[in-house]
Amino acid sequence: MTANGEPGAREDSSVVGAPATITTPTTLIAPTPIPVPSDVPMPNSNGSGNGAGNHKSTIVIESQPKRRVSIISDPPAIGGSGGLGAGYDNPAYEQNPRRKISQTSTHSHTDIGPARRKSILKDTAPHDNDSDRASTHSYENYRQNALDVLNSKYNGHQMGHTSGGDSSGGANYVEESWMYTFCLKCRGEEPSSSWEPPFWQKIFPYPLCPTFRTVSRLVSIILIGVLIWITAFVIIGDSAAPGGQLFGLVVLTVAANFGGYLISLTTLPRLIGMLLVGILFQNVGWANIDGDFSKVTAHLRKFALTIILTRAGLEMEPEAFKKVYKTILKLGIIPWCVEAVVMAVMSHFLLDLPWIWAFLLGSIIAAVSPAVVVPCLFRLRTKGYGVAKGIPTLVVAVAGVDDALSVAIFGIISTVMFSDKGLAYQIAQAPVCILGGLGFGVVWGSLARIFPEKGDAYVVPLRTLLLFTGGLMAIYGSEELGFEGAGPLAVVFSAFVSNLFWCKDGWDVEDNPVSTAFEIFWMIFEPILFGLTGATIKIRELDGHTVSIGAACIFTGAILRIFTTAGIAFGDRLNTKEKFFVGLSWMAKATVQAALGPVALKHLDENSTDEERNWANIVQTICVFSIVLTAPLGAIMISVTGTKLLTKTKQPQDLSGWRRSHRPSIRDISIIDEEEEREDPEIPEDKETHDNTLNNAHIPTISYTYNT
């Protein structure tokens, strides 16, 4: 092996016709050995013509024009995923199989998969600091160093207590322990190696202790929070001080986030832990969200509702919706109507709610929670269940339609209930809200395609903010105009229309950076929303009759919805098992119930009667209990029945885009495509490079190999 990496040549080989300097080879061509007459004089190690001993040498006769090569800066990676003969100029020296060596390469990155997008929020520049480079370790090094120390200590301890025994069985004691497995389960995969102080592994061994990156991230967040709190205390005053309502809200949010993390270790939805933390804080006296502060929580709920509805619109795939829109509308509207009507009728006769209050409750309870459905379907999709018939996509699309319908109907009913306008105004609610919401969605979605321009470097943050502010304007504007039902429908439809145009411009609906940004927004507002929702439940004031009857109404409506879904799903290429699975996946309640459950109580003022307050409390209580009862049960049912009712696809699934991360990161917000950086330095001479490449493919290289 020579210094330039050419196989088969020794240091004393002479190459005839080779260029003076070869910077980086691009193609490795195996020489063809042919015999050489014995009378041919060959150079020896001293350079003379007559060599002695058994020695091999190679002479390469160049019979074709010199070929220009591309110089790449990445380190060589032998055996890349592209493989030899994959259509690239030199797969052996290509680290990233999606990158073309030159513009004349016949295979694009699209033949393998979507290009990896980069974030401008992450510094990818190389570091020149030698100390930093020397202190960078991979997780494999963490693991090996820590395990060697721990296992040696354990073996030494065992040798001290046993005489003459064989301690080889405990060599991997730490690796086989339950604590080691549990610590690995609590960890997330990091995208790159991390720097750490030299003493860190001695004091905090991996994986039994957090990495330095995790600890430093946590310390940074704590410092930022403390500084923001000091600033808020100076500006706001007592409300931000310990014991104040704003301070209590912050503590509740942080605790809810931690509770959600603990619940997520059991693979249940995080929102269950957040809800339980809110209930705990309220009933031990740590939460105070009543009084004037209720106005703040009402606005936070509207922000969360805007994010929920925008995500619902962005999760609808335009092409799939266009192909199977009849199925989506049929499965999204008819089962929703059945569950809403069943809930309304039962609550009217069993809980003595007026008809309008009963239908208000039914419109909330009938909504499906994407926050529960999407992660569970993602886990099934990674294993290949239901992929062949597109069941995960169908369920998510129907959940978006379901949420939009629930919020729109709720807005219409609540406007009729709490408005003092005439009969004509109330009759006009339904058509005006529907037409107004659809019209605003078309206008704002079209505007989001034109502004900003699609080639702008800041197109992702601008589109994200434009969509979010437009949704807020729709929610608050429709409420101000007295047509509250138009706002939610406008938010969903504007997100859907904008996503339709963005997909036509080349974006992938399953890897949409704007959708990722809203997922991060939801990570912020999720603990706020569910913590506040749980904090509205006061266990001491609950009526046992209301809770038991409410639970019976919830499960009755869910069961009838399952059978209705299985009954009307004819002609949709689904077998009986798949029909029942689709119905089971829509029984989970969470997001819409948390956002809309307390709204009726907030609409009441000092002129409201005690009877109206009692009805509003019943609606709020049943909404919260629907989350507690159906969210964990729905997640368990999807995970357990999915492997038994769905058909598994044997071929591997490409999951680079479809909800690639259960908890997204800012690093996932991509606004620069690496395709823009794939500029070959030989652009002016592309034709010459292409012609030489073709010549090299047809003209063999001749070499002579002989023994002396």
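Cβ coordinates are placed from backbone N, Cα and C, and glycine is handled just like the others.
The region 'Disordered' annotation in TrEMBL covers 1-56, 71-136, 674-700. If you look up TrEMBL, you'll see 18-31 marked as compositional bias 'Low complexity'. Residues or ranges marked as compositional bias 'Basic and acidic residues' in TrEMBL: 120-135. Residues annotated as transmembrane segment in TrEMBL: 218-237, 246-265, 328-349, 355-378, 390-417, 423-445, 457-476, 482-502, 514-537, 549-568, 580-598, 618-640. The annotation compositional bias 'Acidic residues' is assigned in TrEMBL to 674-683.
Just going by CB pairs under 8 A, the stretch in 457-476, 514-537, 549-568, 618-640 that sits most against the transmembrane segment (246-265) is 514-537. Within the same chain, residues 120, 302-303, 305-307, 309-310, 437, 440, 444, 447-448, 451, 486-488, 490-491, 494-495, 498, 502, 513-514, 517-518, 521, 669-672 sit at least 6 positions outside the transmembrane segment (457-476) and bring their C-beta atoms closer than 8 Å to a C-beta of that stretch. If you count C-beta pairs under 8 angstroms between the transmembrane segment (580-598) and each of 355-378, 482-502, 514-537, 549-568, 618-640, the highest count goes to 618-640. Beyond its flanks by at least six residues, the transmembrane segment (514-537) meets 249, 252-257, 260, 270-271, 274-283, 287, 289, 297, 300-301, 303-304, 307-308, 310-311, 314-315, 371, 460-461, 463-464, 467-468, 499, 502, 590-591, 594-595, 597-598, 620-621, 624, 627, 663-666, 668-670 of its own chain at Cβ-Cβ distances under 8 Å. Taking every listed stretch (218-237, 328-349, 355-378, 618-640) in turn, the largest tally of C-beta pairs under 8 A with the transmembrane segment (549-568) is reached by 328-349.
Here the transmembrane segment (328-349) has long-range neighbours at 321, 355, 358-359, 361-363, 365-367, 394, 397-398, 401-402, 405-406, 409, 550, 552-554, 556-558, 560-561, 564-565, 568-569, 572, 582-583, 586, 618, 622, meaning same-chain residues at least 6 beyond its ends whose C-beta is under 8 angstroms from one of its own. Nonlocal intrachain contacts for the transmembrane segment (618-640), taken as residues 6+ away from its ends with a CB within less than 8 angstroms of a stretch CB, comprise 267-269, 271-272, 275, 347, 351, 353, 357, 360-361, 364-365, 369, 372-373, 375-377, 379-380, 530, 533-534, 536-537, 542, 546-547, 550-551, 553-555, 558, 581, 584-585, 587-590, 593-594, 596-598, 600-601. Same-chain residues lying 6 or more positions outside the transmembrane segment (355-378) and placing a CB less than 8 Å from one of its CB atoms are 269, 271, 308, 311-312, 315, 336-337, 339-345, 347-348, 392, 395-396, 398-400, 402-403, 406-407, 409-410, 413-414, 416-417, 522, 526, 553-554, 557, 561, 585-586, 588-593, 596-597, 600, 615, 618-619, 622-623, 626, 631, 634-635, 638-639, 642, 658-659, 662.
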